[in-house]
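*Asks:* This structure is in structure tokens; I'll ask about it shortly.
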Amino acid sequence: MAVTSLSTTCDGLFIISLLVIVSSLFVPSSAQLNATFYSGTCPNASAIVRTTIQQALQSDPRIGASLIRLHFHDCFVNGCDGSLLLDDSGSIQSEKNAVPNVNSTRGFNVVDNIKIALENACPGIVSCSDVLALASEASVSLAGGPTWTVLLGRRDGLTANLAGANSSLPSPFEGLNNITSKFSAVGLNTTDVVALSGAHTFGRGQCVTFNNRLFNFNGTGNPDPTLNSTLLSSLQQLCPQNGSNSGITNLDLSTPDAFDNNYFTNLQRNNGLLQSDQELFSDTGSATIPIVTSFASNQTLFFEAFVQSMIKMGNISPLTGNSGEIRLDCKVVNGQSSTAEAEDIQLQSGSVEGGASLADM
């Protein structure tokens, strides 16, 4: 009887151990990210990123907002794998050419400068996708926002997803239901929608991103009724109905280069610049309204929620372990050349047919 009991116990322990092993195979890859990933291989990675951004801010005060937007637009397509950074090549259609990104996303040159500095310090160690995560934290903290421990260990993807960028990225013209659905598709909830939208507390917006609100909102022939009348007047002057739509204005009217909770108080005054901003507060009955109210009255609460949402967003389907690669140049997959580089080489050798010569300029 004792032998039978022992055998049963052993069988039970074996089954439990087997279940633990099997279940570990299905732990999300984000669990493999950790704060000390580069402590032994590139201990100064975070400092290098921060220093490079500080230098860029001296000539471009909006670069921080641009860098965090790159991280956001990268993670929503194929997960946080640096796919947004890839240029066109013979086998890749760049996400940079997607409607939400073309002539809109910026800061790629700063990413390149960060990568060069990292390659000089610790060659082949820090991924481009981790550069975006580190750059986001540095950009926020340098603007007076919260700091947080960035989880690291992402690897870079080997391809891009142009179609995914066109369909998955939230648009400033979309209603709140569509935006919430796109966040939900990548595992982010309503609080994440509001907290991450709070990144619009710094940076700029082009006329093309909000002119739908100025003259003929939703085909009504009138401006968006939720737009503050004083703000409406100034925006109509900046972006006339038949103008070029190239004008740029601050996303946050009061503290455009500071990371604070004024974005939410702006929404309470109908001073949200984008339709997707203002709907967080003006969409009657929406679950986002009490969250906006709480963030407007308590900056610490907003900062804490923003940090949690950024960490959560940075955990969207990262490549880890042996997946992907560590790109040496964020613009191209290792061993390949981008279309631009290939054309440059051809121009230097005089082999491009139909190309414009210097005399044509």
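Just so you know, glycine gets a Cβ as well, placed from its N, Cα and C.
Predicted automatically and left uncurated, TrEMBL annotations should be read as such.
Okay, so TrEMBL annotates it like this:
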- 12-31: transmembrane segment (TRANSMEM)
- Cys42-Cys122: disulfide bond (DISULFID)
- His73: active site, proton acceptor (ACT_SITE)
- Asp74, Val77, Gly79, Asp81, Ser83, Glu95: Ca(2+) 1 binding site (BINDING)
- Cys75-Cys80: disulfide bond (DISULFID)
- Cys128-Cys330: disulfide bond (DISULFID)
- Pro170: substrate binding site (BINDING)
- His200: heme b binding site (BINDING)
- Thr201, Asp252, Thr255, Asp260: Ca(2+) 2 binding site (BINDING)
- Cys207-Cys239: disulfide bond (DISULFID)
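I'd like these features described in context: how deep, what's nearby, how far apart.
*Replies:* All protein chains considered, the CB of Cys122 (disulfide bond) has 16 other CB atoms within 10 Å.
Residues near His73 (active site, proton acceptor) in space but far in sequence (CB under 8 A, at least 6 apart, same chain), listed by position: Leu84, Glu95, Pro100, Asn101, Thr105, Ala165, Leu169.
When other Cβ atoms within 10 Å of the Cβ of Val77 (Ca(2+) 1 binding site) are tallied across all protein chains shown, the result is 27.
If you take the C-beta of Cys75 (disulfide bond) and look for same-chain residues 6 or more apart in sequence within under 8 angstroms, you find Val186, Met313, Gly314, Ile316.
Taking the Cβ of Cys128 (disulfide bond) as centre and 10 Å as the limit, one finds 29 other Cβ atoms among all the protein chains shown.
Counting every protein chain shown, the Cβ of Pro170 (substrate binding site) has 20 other Cβ atoms within 10 Å.
Counting every protein chain shown, the Cβ of His200 (heme b binding site) has 23 other Cβ atoms within 10 Å.
With a 10 A radius on its CB, Thr201 (Ca(2+) 2 binding site) counts 27 other CB atoms from all the protein chains.
Residues within less than 8 Å, Cβ to Cβ, of Cys207 (disulfide bond) and separated from it by at least 6 positions along the same chain comprise Leu238, Cys239, Gly243, Ser244, Asn245, Ser246, Gly247, Ile248, Thr249.
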*Asks:* I need the least crowded one of these disulfide-bonded residues (Cys42, Cys80, Cys239, Cys330), counting other C-beta atoms within 10 angstroms of each C-beta.
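*Replies:* The disulfide-bonded residues Cys42, Cys80, Cys239, Cys330 were compared, and Cys42 has the fewest Cβ atoms within 10 Å.
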*Asks:* Take the Cβ of Gly79 (Ca(2+) 1 binding site) and count every other Cβ within 10 Å, whichever protein chain it belongs to.
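*Replies:* A count of 21.
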*Asks:* Rounded to an integer, what is the Cα-Cα distance in Å between Cys80 (disulfide bond) and Thr255 (Ca(2+) 2 binding site)?
*Replies:* 30
*Asks:* Cβ within 8 Å of the Ca(2+) 1 site centroid (Asp74, Val77, Gly79, Asp81, Ser83, Glu95 excluded): which residues?
*Replies:* His73, Cys75, Phe76, Asn78, Cys80, Gly82, Leu84, Gly157, Ala160, Asn161, Gly164, Ala165
*Asks:* Considering Cα atoms only, can you say which of Thr201, Thr255, Cys330 is the nearest neighbour of Asp74 (Ca(2+) 1 binding site) among these recorded positions?
*Replies:* Cys330
*Asks:* Reported as an integer number of Å, what is the Cα distance between Cys122 (disulfide bond) and Ser83 (Ca(2+) 1 binding site)?
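*Replies:* Rounded to a whole number, the Cα-Cα distance is 22 Å.
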